[in-house]
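Per Swiss-Prot, these features apply:
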type: BINDING; residues: HIS65; note: O2 binding site
type: BINDING; residues: HIS65; note: nitrite binding site
type: BINDING; residues: HIS94; note: heme b binding site
type: DOMAIN; residues: 2-148; note: domain 'Globin'
type: MOD_RES; residues: SER4; note: phosphoserine
type: MOD_RES; residues: THR68; note: phosphothreonine
Amino acid sequence: MGLSDGEWQLVLNAWGKVEADVAGHGQEVLIRLFTGHPETLEKFDKFKHLKTEAEMKASEDLKKHGNTVLTALGGILKKKGHHEAEVKHLAESHANKHKIPVKYLEFISDAIIHVLHAKHPSDFGADAQAAMSKALELFRNDMAAQYKVLGFHG
């Protein structure tokens, strides 16, 4: 399920918009994740106390973590599917330490697409959304495969 060169270009063009404000985009993605799927908040001891969107928006720690998440994802996307080493490292921490189920990766993928479309509607049309969805699915599938190797069935 690889992406064509054209699809990767759409993904990377969209990601260029993220890189103009990684922390801001990351914060919005995490807020979307936590408000849309409150159960995901339970995996984050540092953020469990944040109960409202206003509290989340005011949290510098949440913004920093959003920056960390999207910086890592950006590095993976720029590998255009050749991300084995990055995914292996990420899967190890997410399976063994954080215990993040694959389903939650799907939730955050949806949040990323939603935030990109909301913030950049003219630059993130149907073709770009489809390409990003495909790239994020590739990432999730590779994470799931690594989870299996690690014996994590989350």
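The first residue you see is number 1, and the count goes up from there.
Using N, Cα and C of the backbone, Cβ positions are placed for all residues, glycine too.
Values in this document were obtained by computation on a predicted structure and should not be read as measured data.
The helix, strand and coil residue counts that DSSP assigns across the domain 'Globin' (2-148) are 115 helix, 0 strand, 32 coil. Of all the binding-site residues given, namely HIS65, HIS94, the one with the smallest number of surrounding CB atoms inside 10 A is HIS65. THR68 (phosphothreonine) is 27 Å away from the residue listed as 'phosphoserine' when you measure Cα to Cα. Close to the residue listed as 'phosphothreonine' in the fold, though at least 6 residues off in sequence, lie GLY26, each with a CB less than 8 Å from its CB. A straight line from the CA of the residue listed as 'heme b binding site' to the CA of the residue listed as 'O2 binding site' spans 14 Å. Over the domain 'Globin' (2-148), the average per-residue pLDDT in this prediction is 96.
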